[in-house]
């Protein structure tokens, strides 16, 4: 694989604009190469030139070896030994934009500007500097953010350690024993000291004295039991500011830290929501709360470690990319400029700062010691989850079940035509009784197929859907797994239809009408049992994730709303007919109609009213979620979104009234409310959920950034969304076709809504992904358990 393709494939999707633009620089070098090729005279290569070429190659390898050996002890940029002044091609200088923060801006001066065609190389080095300064600045800003997070997490660990001691000794006796004292004082962080001491390797550090002073705790600061460390030499209440420092500070064991902290109430559960309303955030010492705190901090450690890994990868890939592009420049221009430039790269922040690696080691040691009981293999498995691998058995099983489903579908069509089942007298009865039962599986299978296609397209256009949904790494389902589940369910459903049909036609089993009617019910119970099965089969983690999100939707006002929750609720709004099919199951089997194949219960007024109530439940979920977000985030757009779903609920209610009172007034109100709801929903889909129709966009009627290069795809999606949004007006106008039963018409329009939702899914997540890219948001914000109030001492005084 070419380096450019490999470089692009390993980028963090949300940071892709921060990486060096390798392809663009290659095009600039291509211009230089084309110019040199046109203007360079062709002379046969002499033996002397070949000898000098071999000598230069050997010298290049030697300089490359020296360059990598200097990573451990880099020089200040500008002090590089560039050799004879006559051999220099470029001169790289560091300009201080901000002397206080030692913010360096690197500029390259091309010393061969008088040569013919030098303007191409001048442009190349100007753009190269722009790319390097962009990468270096971004890396520095992200490292500073991570160091702040590590320092904050360090304080959280102080409180956790004190919390553990308090739980083990609730009466406070013997908490100053030697064992606890050693335990607490062994937990040395040095995060701030590490950040400062490690920065000694960077050319921006002022002096070691400054580092030592900044690492010492303030005399007025509260006791700080640092946690993130790998130094096992700390004993007896002493910690070292850094492994290279000789200064030590006495750190007596203390539980006073608990006097300065309270619980952070994230309002993410019904209990925490009620406690938040009561303003009750006091700490209660118990193992249940301890377990909750440990889980939160474990998740925070995993997220911090993931950030560090991505930063390390970002640094490595970009330094490698600059090395590759400079070697390509040397090859094209027949110059030796890479040595000087890469010396500057190695001595810059991104090339010389190894604080990320050292902090990773500290995080590993702390996590293994305090969250996995010193089990290193278990700790590493949690911190570095294995990447998901495609299995051959998944592909084989997918092909097997897909083939079975297609064969069963073909068999069903042939049996229906051969026996002329549609022309018999029982066709209408079958469509009114059994068809709604089996259509439930058709809705689910179609939705899963659309979701599988969404995953395929998301992966193709590098939409980071596992991060957006918050899937645990290695547990997310790929499109093959989704297609496998849908094809297996399709096989079961079609086999049940054929079995039911065969039992009805067979003379030996025709009399067992009651038993034959139970086939769809047994299939529903089987699917439900597999979904809630606690055993580790059939993608348990994904099933659990789905059930948790569904429970959060049902209890919408009492749970903090995250993207997977409202995304699932949006999917449920497109499965209204499936939810009504479940209602019909209750009516058909609960009322005993299955014994005589009687579906008269669905013709009652009570069933019709409940039919519309059930259809409005998903919209109620979204309404409550919008109100919860309006309450928490104070975002006015969530209020407008709530109005959108409320208008849909009103339209559903008016249509229910129209069904019960078929008058002109109710019909007019039903049409008017449905049209208003459809217009509002369509506008929200296209403008807000998809982010299209932006003003002053370089892509007319769309947005500036598009993942799909063909703009016609977006216009086609807009047209389809508008058309399918208004298709549900069929429920008001009751369109009828002579060759289709009414149940078939309802099923077709329900399938069109599912297809519309599948199209909506891709562009909704594309817009979310582009928002993350615009904000360089590649990490989830993890709620921390403790809140520090460092002003308590001042208030007491």
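Just so you know, glycine gets a Cβ as well, placed from its N, Cα and C.
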Of the ranges 664-692, 751-779, which one does TrEMBL list as transmembrane segment? 664-692
Write down the single range among 694-712, 713-731 that appears in TrEMBL as transmembrane segment. 713-731
Which listed span TrEMBL calls transmembrane segment, if the choices are 335-355, 356-376, 377-397, 398-418: 398-418
Of 479-498, 579-598, 639-658, the range TrEMBL tags as transmembrane segment is 479-498
Here the stretch out of 398-418, 438-458, 518-537, 609-627 with the most C-beta pairs under 8 Å to the transmembrane segment (479-498) is 438-458
With the cut-off at Cβ under 8 Å and a gap of six or more residues from its ends, the chain residues touching the transmembrane segment (713-731) are 655, 671, 674-675, 678, 681-682, 685-686, 690, 692, 701-702, 706, 745, 749, 752-753, 755-756, 759-760, 763
Can you work out which residues elsewhere in the same chain, 6+ from the ends of the transmembrane segment (438-458), have a Cβ less than 8 Å from its Cβ atoms? 465, 477-479, 482-483, 485-486, 489-490, 492-493, 496-497, 520, 523-524, 571, 574-575, 577-578, 581-582, 585, 743, 747, 750-751, 754-755, 757-758, 761-762, 765
What same-chain residues lie close to the transmembrane segment (664-692): Cβ under 8 Å, and 6 or more beyond its ends? 637, 641, 643-644, 647-648, 650-651, 654-655, 657-658, 701-703, 714, 717-718, 721-722, 725-726, 728-729, 731-733, 760, 763-764, 766-767, 770-771
